[in-house]
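What Swiss-Prot records for Asp13, Ser14, Tyr45, Gly46, Asn77, Thr78, Thr186, His187 is substrate binding site, and it gives sequence analysis as the kind of evidence. Summarising the annotation, Swiss-Prot assigns active site, proton donor/acceptor to Cys76, Cys185.
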Amino acid sequence: MGNQQQHPIGIFDSGLGGITVLRALYRQLPQESIIYFADTARLPYGDRSPEELIQYVREILTWMEAQGVKMVVMACNTSSAIALDVIRSEFKTPVLGLILPGARGAVSQGKRIGVIATQATVNSGAYENAILEANPEAAVWQMPCPEFVPLIEANRINDPHTKRIVQKRLQPLLEQGIDTLVYGCTHYRHLSGVIQSILPSHVICVDPAEYVVSATEQELELMGWKNPQSPLPTRFAVSGCPDQFAQSAKGWLGHQPLVEQVDLKNLIMNASPLSITNG
């Protein structure tokens with residue numbers, strides 16, 4: 001692969017959620033080149049079986065490696081919870097997930113911890129296990145929020161119906177007296193305004209995106225892979241409709257990106273490097 005320092009970091013999610021990780025990377029590692037992939041054709045991930053998720057991530061990692069990435073960040077809690085260990089055993093490229101950094105961030109803030117996440121992430125028990133491993137004295141309550149991702153992807157963040165759904169999902173956690181709330185899905189940061197309007201002021205929100213980017217920086221330093229030069233423009237690719245993703249991403253990026261469509265089913269035959277797009 002040549003000089004690893006100048007190779008891009010790969011980020012992937014099922015959709016818009018990973019943009020929260022992308023923006024954290026822009027802030028903390030502005031010199032790094034990035035490839036962002038959204039598996040929008042198979043969104044949402046939260047109701048997929050473990051077998052399906054592992055296969056999806058295999059396909060994405062195969063494509064990412066063909067693009068020459070030096071590292072991959074799973075900007076998706078569901079795939080981090082279900083597929084991370086399997087994928088790490090199958091691919092040479094270093095892969096970072098959200099669960100462990102997010103759990104460590106949570107226990108640094110409080111002891112009565114609520115986790116909002118997809119059904120698959122909740123079912124996996126990954127956050128609860130990681131939080132209790134980091135602090136056995138912590139108390140953890142999890143709440144699946146299956147409605148959140150479709151509402152965010154449909155750009156219904158400011159819809160009164162959305163606030164009612166968020167209130168319904170948060171209420172059981174508030175009744176437990178949580179002092180910390182973990183965004184256990186990268187999409188949920190997009191609802192932070194709604195969520196924080198409902199939470200008492202003393203409840204601290206933890207965004208694992210910030211912590212996984214810090215872990216990414218530490219890994220790059222350890223490997224000697226930090227990019228000493230200016231970054232290339234961010235490259236965006238999706239498995240679904242490029243125009244739809246570009247329009248939806250515009251509000252979060254501040255500009256409308258150029259987006260390439262990738263057919264993951266044919267990726268082994270056609271995994272040629274992406275042309276650089278504006279970002």
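Here the Cβ of each residue, glycine as well, is placed from N, Cα and C on the backbone.
Here the features listed in Swiss-Prot are placed on the structure.
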residue : record                 : Cβ contacts under 8 Å, 6 or more apart
Asp13   : substrate binding site : Ile19, Val21, Phe37, Ala38, Asp39, Ala75, Cys76, Thr186, His187
Ser14   : substrate binding site : Ala38, Asp39, Thr40, Arg42, Leu43, Pro44, Tyr45, Cys76, Thr78, Ser79, Val149
Gly46   : substrate binding site : Thr78, Thr118, Gln119, Ala120, Thr121, Pro144, Pro146, Val149, Cys185
Asn77   : substrate binding site : Leu98, Ile99, Gly102, Ala117, Thr118, Thr121, Tyr127, Gly184, Cys185, Thr186, Pro208
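Taking the mean position of the Cβ atoms of Asp13, Ser14, Tyr45, Gly46, Asn77, Thr78, Thr186, His187 as the substrate site, the remaining residues of that chain whose Cβ falls within 8 Å of it are Gly15, Gly17, Gly18, Pro44, Cys76, Ser79, Thr118, Thr121, Val149, Cys185. Cβ neighbour count for His187 (substrate binding site) (all protein chains, 10 Å cutoff from its Cβ): 28.
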